[in-house]
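As structure tokens, the structure follows; a few thoughts come after it.
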Amino acid sequence: MLLHLDASARRSSFSREVGDTVAAAWRKANPESAYVHRDLTLDPPPPIGEAWTELCDYVLEHQITDPGRYAEAVRTPEQAKAWALVKPLLDELVAADAVLIAAPMYNFSVPAVLKAWIDQVTFPRMSLAGTKFVVAYARGGAYGPGKPREPFDHHERYLRDFFAGHFAVEDAVFVGSEMVNALIDPALAGRRDEHEESRAAALAAAARIGSAL
Ligand SMILES: Cc1cc2nc3c(=O)[nH]c(=O)nc-3n(C[C@H](O)[C@H](O)[C@H](O)COP(=O)(O)O)c2cc1C
């Protein structure tokens, strides 16, 4: 099963374009497999509350590592409410063979809806080793190796550290368009070619990544 998450606040979006290209290629190559699409902006997960932290503490204290046993942590009506919210998100994550996350860079990091999803589904010492992760991104500027803004990238760097540190996934694939702001910001008009090149390369790579996933 492919789980495809969207996190851009806008419909006409470069991260959605790259993500949709990965998904279309994957669906063509895997016509028999299930495909689940969740638009985090249409149905945003709420920030975690106190009852969620109680579930998490119980799981840690009792050394529960199998998500199939997390429900044992539910002891109060508030915790049941928190668990009812987490369960469908977690079920589809755990069932996925591959997870595709389309995520713009917002303020050097990930959109709040994606961070809220991460906070809801992540429990101590869980492992998704073997699940493939692809991030389809878009950024207003350029953050590649050697670029002046490289140290400000808390988007790819954060997600790589998160996948490795919390999901035991070291080989996430990143593909995306940069310099999108050149289309809007008159001060960056001279860099539109850079954006077009980045976008074309991202779409070509996205199709390859989707068929090989
Ligand atoms: C709230 C917000 C914050 C943004 N912050 C940054 C940023 O820190 N760095 C950057 O390069 N671009 C930033 N951008 C530009 C987006 O990354 C760019 O428009 C990208 O294309 C958005 O993805 P989308 O096309 O999938 O919506 C920001 C855009 C928004 C709406």
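Note: Cβ is positioned from N, Cα and C throughout, glycine not excepted.
Residues or ranges marked as domain 'Flavodoxin-like fold' by TrEMBL: 2-178. Residues or ranges marked as FMN binding site in TrEMBL: S13, F14, S15, M105, Y106, N107, F108.
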*What span in Å does the FMN site cover, taken as the longest CA to CA distance among S13, F14, S15, M105, Y106, N107, F108?*
17
*Which residues in the same chain, at least 6 apart in sequence, have a Cβ under 8 Å from the Cβ of Y106 (FMN binding site)?*
A112
